[in-house]
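Encoded as C-alpha cells, the structure appears first; notes follow it.
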Amino acid sequence: MDVTVPDSKFIGGMLLIVGTSIGGGMLALPVSTAEVGFTNSIFFLIMCWLVMTVGALLILEVNLRLPAGSNMVSMAKFTLGKPGQIIAWITYLFLLYTLLAAYISGGSDVFNGLLQKAHIPLPSWLTSLLFTLLFSFVVYAGIRAVDYVNRGLMFGKLGVYLLLVIIISPHVDLSSLRGGSIKAITGSLMILITSFGFASIVPSLREYFNDDVHALRKVILLGSLVPLTCYILWDAVIMGVVEREGSDGLLALMTNDHATSGLTNALSNAVQSEWITGFFGFFTSICMITAFLGVSIGLFDFLADGLTLKKTGLQGKWTLILTFLPPLAVVLINPGIYLHALSYAGICCVILLLLLPALMTWRARAVDPRGGIQLVPGGNLSLGLVTLIAVFLLTLAI
C-alpha cells in the first residue's frame, strides 16, 4: 500500500530513528574509542552504520510479509519456526531491557547532577525511579505521543548539538586526533554497534507509516545517516578537547560509575566555560530521554505482540509494568551499569538486528520468492555476507 506521507510525519519518523540512535552512543563513543583514536574510529563507525542499516532493511522486508502490528516474535515464528521464536524472545528482551537499564542509569545520573547544581540532593535510587515513572506515561500513550514529544526534544537536541560543536571547535587540539591503536577496537566495537541499534523500532515505524515502503526505506536510510554524521563530528570535538590520559581523561572514564556526569566535568575542566558546561548538561539530558523513549516504545509493542496483550486498559498497564520494572530493578541494584550495559547490548544487537534478519529473510524468500518486496539487493550472496559479518562480530565479542 503506497500512500502519500505528510512531510511532518516523514520528519517525525526520521527523528524517531535519530532519537533512538543518539543516546548512549553519542555520549559513550568518545570514551569507548579513545584508545582506538579518531581517524580509526571513523572507518569503524561507517562500517557499523552500513551493516546495521542493511539489517534494518531486512527486518522491514520480513515485517512487510506479515500483518501490521507484528514484531520480532511473530517474524521469527513465521520464518524460522519455534526455535527462531525462542531465540528472538530471549535476545530481544535482553537487548531492550539492557538498553533501558543503560538509559535509566545514564539518565538518572544526569538528572541527579542537575538536581545537585540546584542544591536538591536526592539518592540515586529515587532519581532512577522518578526518571522512569515520568517518561513511562508518554510510552503508555503510544507511538503518536512518543513521536510528538520526541520531535520537540529532538529539535532542541540537534540545536544544542550544533551549538556545542560550533563553540567547542575552537578549543580542539588537532594533534589529539592523531594516533590510536586499531587493536583496541575489540573492546569498543559492541558499543559502536549499539549506537546504530535503531532497527528495534522498525516494526513500529511500519505500522505508523501504513506500509508505505518507499517512505519507510527513505526514512531508514536518511534517518540513519544523521547519527553517523553526528557521531563523527562529536568524536572530533570531544577527543580533540578532553585529554586521553589522566584522572579526568577519556580512558579513566571507562571505569567511572558516573561516566555521563564524569564526561561533563572533564569537558568543563578542559574548556573552562560555564556556558559550554550548561549546554552540555542539557544535551546529555535530552540524549537519554529520546533514546529511552524510542527503545521503550519498541519493547512495549514487542511485549504486547508476544504476549497478545492490548496496549490500553488493564492489560496495557500490565504491559507497561513488564516493560519498565526489570530494567529499573537492575539499575537500583547496580546504579553504575551504564557503559557495561551498552557493551552487553551490542552482542544482542548483532544477534537480533543482524544475524536473525539475514536468516529470516533467506527463509522467507526461499519459501515464497514473490511474496514480498526485496529491499536489499544481491540475493543469497548479500544475506550470506551479512551472516558471516554477524558471526565474525560475535566471535570478536566473545
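Just so you know, the numbers here start at 1 and follow the chain as drawn.
Each residue, glycine too, has its Cβ placed from N, Cα and C.
Tertiary neighbourhood of the transmembrane segment (12-30): same-chain residues 41, 45, 99, 102-103, 106, 146-148, 150-151, 153-155, 157-158, 191-192, 194-198, 200-201, 205, 208-209, 215-216, 219-220, 222-224, 226-227, 230-231, 234-235, 238-239, 242, 250, 259-260, 263, 284, 287-288, 290-295, 298, 338-339, 342, selected by CB-CB distance under 8 Å and a gap of 6+ residues from either end. Under the heading transmembrane segment, TrEMBL lists 12-30 (among others).
Summarising the annotation, TrEMBL assigns transmembrane segment to 42-66 (among others).
The transmembrane segment annotation in TrEMBL covers 86-105 (among others).
Outside the transmembrane segment (125-143) by six or more residues, the chain places 104-105, 107-108, 111-112, 115, 149, 204, 207-208, 289, 292-293, 296-297, 300-301, 311, 316-317, 320, 323-324, 328, 331-332, 335 with a CB less than 8 A from a CB of the stretch. Marked as transmembrane segment by TrEMBL: 125-143 (among others).
Cβ atoms under 8 Å from those of the transmembrane segment (155-172) belong to residues 15, 18-19, 22, 230, 233-234, 236-238, 240-241, 267, 270-271, 273, 275-276, 279-280, 282-283, 286-287, 290 of the same chain, restricted to positions at least 6 beyond its ends. The transmembrane segment annotation in TrEMBL covers 155-172 (among others).
According to TrEMBL, the transmembrane segment annotation covers 184-203 (among others).
According to TrEMBL, the transmembrane segment annotation covers 215-234 (among others).
For 275-300 (among others), the entry in TrEMBL reads transmembrane segment.
Here TrEMBL flags 320-338 (among others) as transmembrane segment.
If you look up TrEMBL, you'll see 344-363 (among others) marked as transmembrane segment.
Summarising the annotation, TrEMBL assigns transmembrane segment to 375-397 (among others).
A contact between the transmembrane segment (215-234) and the transmembrane segment (320-338) is absent, since fewer than 3 of their C-beta pairs, 6 or more residues apart, lie under 8 Å. Pairs of Cβ atoms less than 8 Å apart link the transmembrane segment (375-397) most often to 42-66, out of 42-66, 184-203, 275-300, 320-338.
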